[in-house]
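According to TrEMBL, the features are:
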type: TRANSMEM; residues: B:12-37; note: transmembrane segment
type: TRANSMEM; residues: B:86-107; note: transmembrane segment
type: TRANSMEM; residues: B:119-140; note: transmembrane segment
type: TRANSMEM; residues: B:161-179; note: transmembrane segment
type: TRANSMEM; residues: B:191-212; note: transmembrane segment
type: TRANSMEM; residues: B:240-262; note: transmembrane segment
type: TRANSMEM; residues: B:282-302; note: transmembrane segment
type: TRANSMEM; residues: B:314-337; note: transmembrane segment
Amino acid sequence: MVEFAFYVAGTVALFSTVMVVVNTHPVHALLYMVLSLLSVAMVFFTLGAPFAGALEVVVYAGAIMVLFVFVVMMLNLGAKTVAQERSWLTASGWVGPLVLSAILLVQLLLVLEPLQTTAPIGTTVIDAKQVGIALFGPYLLAVELASTLLLAGLVAAYHLGRQDD
Amino acid sequence: MLEPIQALLTPAVLGAIWAAAKAVIILLTLVLSAAYMIWLERRLLALWQDRYGPNRIGPFGLGQVIADMIKIFFKEDWTPPFVDKFTFILAPFIAMSLMMLAFALIPITPNWGVFAPDIGMLLFFAIAGLAVYAVMLGGWSSNSKYALLGGLRSTAQTISYEVFMGVSLMGVVIQAGTFNLREIVLYQEQHLWFVLPQFFGFLVWCLAGVAVTHRTPFDLPEAESELAAGYHTEYSGMKFGMFFVGEYVGIVMVSGLTTALFFGGWDAPFSSVFPALKTVPFLWFAIKCFLFMSSFILLRAALPRPRYDHMMSFAWKICLPLSLVNMLVTAGFVLWAGN
């Protein structure tokens, strides 16, 4: 049952991610990206990481993508952009990326091959408490570094948005 | 002949059917109370403004809701030719369904409630975050100035108010030690209701909750004096109706959530003195919800609309620091008390 949900969510994720690339309408492409993030969140749920799944929705689909859509909405892109996008999506443009990502896919399969296990998914559930203990235990340094980085970003944003008068 | 059917109806299957039936009953009650919120709002506003309000159809004008529903269902649902059709239709569905979905998380009585996951509160944040898309897509896809400006305003406002909405509820999470809404209510049955120990969290949450539903004084996205009707200017018929009902479903949902998070959910007041009060948990939940729903209307009757920049700076300069300090003090207190 959980495996079925996993494969459905994975298929939706793949399809919507392809649509992000192929779609010529910027806002529709972004909506497909939201869908892709939601299905990745669903994959996290099926793998037994509901906390990570919820955060994926809150942070990526609910906050970062909102800002993306917000900016694209304000650009007021019309039929002209759609036509331009369509003319850029030619067959010859597909060859390079396809070959390169095929190489990466083969590499990934080769790496995963020896790790093959038949353990069923979704048997252990990592809840918020375990994530918190891990973050403030072994990964404390990473948390501190990330918070410093965020503080730097905050200061920079404040500087850029400052009004001189 | 009946045996195969009886064999199928194992206790597990029967339990699942009963749970699904409960969920449907809760959903119908939610929609019905949201619809009657419209009547309640018009009557209460009239009362506070020395008028009668709708009192012609049925007893106390209760039939007004039915008449309005019939009207809106049979209105022409016109899609303007200049809109982005798919997103235009999608937006009202998002608005209404997400608010209904969030209600599934609310524990109503000790054995009623749709779904109580361990990450309940995070799921609520996720739903509230996704609900922005309704207003945003509605505003953008309408392809008209008023709608776009309303959509932009509301997106900026909602993002600002969501930031501290999450932080303001963390005090409750720290004290109860769980994201599970049912366990938060159970914790309040044993201890004080969170409105007292988390008073500042409650104040900030009230503002954020009103902002989630886009109600006065946070209804700038649809300020009729400057933006026509804001993001739903181009909507008509049932698509407008879905935005409209979604707003009232949101009010019921936020009231239910406030009840569960800060006022002990189904827990009866003074139950240690009068244990008999504990026998009607649903009544307590309903009374508390009703009080919050009415205060939404009182807010609309009492307060004017603030200026947009005042509202934004209030969010970032007062509410956010207040909720951060509240979270820190709560965390410090819990650690100190734990030692």
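Every residue, even glycine, has its Cβ placed from backbone N, Cα and C.
Listed by sequence, the residues of this chain that lie at least six past the ends of the transmembrane segment (B:12-37) yet keep a Cβ under 8 A from its Cβ atoms are 62, 65, 69, 100, 103-104, 108, 112-114, 245, 248-249, 251-253, 293. For the transmembrane segment (B:240-262), the residues of the chain that approach it from at least six positions outside its boundaries are 30-31, 33-35, 37-38, 72-73, 91-93, 95-96, 99-100, 102-103, 105-108, 124, 134, 138, 169, 172, 181, 184-185, 193-195, 198, 201-202, 205-206, 209-210, 212-215, 232, 285, 288-290, 292-293, 296, judged by C-beta separation under 8 angstroms. Contact check: the transmembrane segment (B:314-337) against the transmembrane segment (B:161-179) gives at least three Cβ pairs closer than 8 Å, residues 6 or more apart, which meets the contact criterion. The stretch with the most CB contacts under 8 Å to the transmembrane segment (B:191-212), chosen from B:86-107, B:119-140, B:161-179, is B:161-179. Tertiary neighbourhood of the transmembrane segment (B:161-179): same-chain residues 118-122, 125, 128-129, 132, 187-188, 194, 197-198, 200-201, 204-205, 207-209, 211-212, 218, 261-262, 315, 319-320, 322-324, 326-327, 330-331, 334, selected by CB-CB distance under 8 Å and a gap of 6+ residues from either end.
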